[in-house]
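Below is one structure, written out as structure tokens; comments come after it.
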Amino acid sequence: MDALPQLCTAIVILLFLSAFFSASEMALTAASSTRMKLLAEEYPFLERFVDWVNEDRYQAISAILIGNNLVNVAASVAATALATSLIDEHGVASAVVVMSILIIIFGEVIPKCVAMAKGERLLIVVLPLVRFFSWLVTPLIWGMEQFARIASCITGLDLSLKDSFVTKEEIGQVVKIGEASGAIEESERQMIDGVISFDEIRVSEIMIPRTRMHMIESARTVDDALQFIEKMGDSRVPVFTDTPDHIDGIVLVKDLLTALMKGQKNEPVTKFMRTPLFVPETMYVPRLFRIMQNVRMHMAVVVDEYGGTAGLITLEDLLEEIVGEIQDEYDKEEQTVTRLSDDSYRAKASISLEELNDVLNSHFVCDDVDTVGGFLLDQFGNFPHEGDTVALDGWLFEILSMDGHRINDVMIRRDTSEAGE
């Protein structure tokens with residue numbers, strides 16, 4: 001009976017330590033490396049502890065698990081001794097049950113709930129203490145590491161602790177939640193989405209296709225070229241000889257205006273053109289962006305696998321993938337999709353399938369093409385004529401205008417024939 005106060009005090013202290021280790025475990029496992037680095041910036045004295053955890057989180061978690069198990073076992077032993085002294089040896093079972101309940105409630109559930117709510121602030125106290133305790137139990141941690149290594153070899157499993165890095169999908173989901181809660185504007189969400197998907201885009205997906213390129217022949221004079229460029233509203237255009245597959249260079253409006261001011265309006269444009277930048281259509285956009293930065297060029301000619309001209313891409317096209325459409329004083333805003341009624345639209349065949357799906361809330365997919373025109377050519381199976389129609393997934397597509405074999409405009413209506421049947 002003389003030891004009763006000491007046993008009670010020991011049980012309380014051990015329960016407190018169990019709560020500390022449980023809260024520490026939850027706080028450390030829930031905190032990412034980035035979160036802890038931000039905390040170290042706010043509290044500089046934590047920097048060396050944060051570096052230690054980020055370099056070897058296994059050691060930190062191992063120390064916590066060792067401490068938690070030691071104090072839980074010690075608490076059970078103390079409770080058993082207390083029960084034996086108060087009752088008899090038959091009180092051991094009761095002591096184990098009562099102590100288990102106390103450990104679960106006060107040593108696990110409550111501290112972990114607190115750690116979930118106040119995890120970051122808890123790390124301010126936890127990190128230095130865990131680091132000190134890990135130093136005390138270094139031999140035990142080493143033993144656990146060897147056991148884990150042996151178990152890993154036997155089972156073939158990777159038992160090492162790895163920090164869970166945030167994925168693009170998780171960032172995208174967080175952004176959507178932020179937009180839904182009003183913390184992020186739609187334009188901000190679109191910009192973040194553009195940054196996330198930027199490195200997955202190929203040049204061929206966003207280039208101006210060859211059929212829509214504005215080019216001038218090498219035989220043109222400065223005066224002719226300026227008139228053409230004024231009509232098109234461009235600031236730089238490619239110069240070709242014979243066919244668009246033979247691009248000689250790029251001519252800038254500012255160079256032509258300088259020549260005009262010097263009285264050289266009848267000189268050939270080839271005299272003032274600059275060396276073009278050629279890139280393959282399979283190149284990824286981030287690499288092209290870096291190349292354009294290095295060579296200080298705002299335009300590149302895109303070539304296909306056969307060396308022919310596939311299209312054109314500008315620095316503005318790359319930036320628009322992040323910030324959205326950029327309109328300058330020379331751009332004429334073109335209505336690519338016009339809503340005529342709730343169930344009918346007029347669209348340019350040059351728009352992307354993705355854009356059409358956004359408008360119609362549809363799910364049209366074609367692996368080999370990107371545009372509505374290419375999609376319809378694939379569906380028709382041959383070159384259609386004006387007035388031809390095709391029904392697809394509840395929508396009726398009608399060819400309104402053609403330019404040779406190229407589809408220009410399309411009428412899209414809800415297909416009511418299926419509903420009537």
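Every residue gets a Cβ built from N, Cα and C, even glycine.
TrEMBL entries are annotated by machine, without manual review.
Database features, via TrEMBL:
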type	residues	note
DOMAIN	1-188	domain 'CNNM transmembrane'
DOMAIN	207-269	domain 'CBS'
DOMAIN	272-329	domain 'CBS'
TRANSMEM	92-110	transmembrane segment
TRANSMEM	122-144	transmembrane segment
For the domain 'CBS' (272-329), mean pLDDT (0 to 100): 86
For the domain 'CBS' (207-269), residues assigned helix / strand / coil by DSSP: 24 helix, 17 strand, 22 coil
Summary of DSSP states over the domain 'CBS' (272-329), given as helix, strand and coil counts: 20 helix, 16 strand, 22 coil
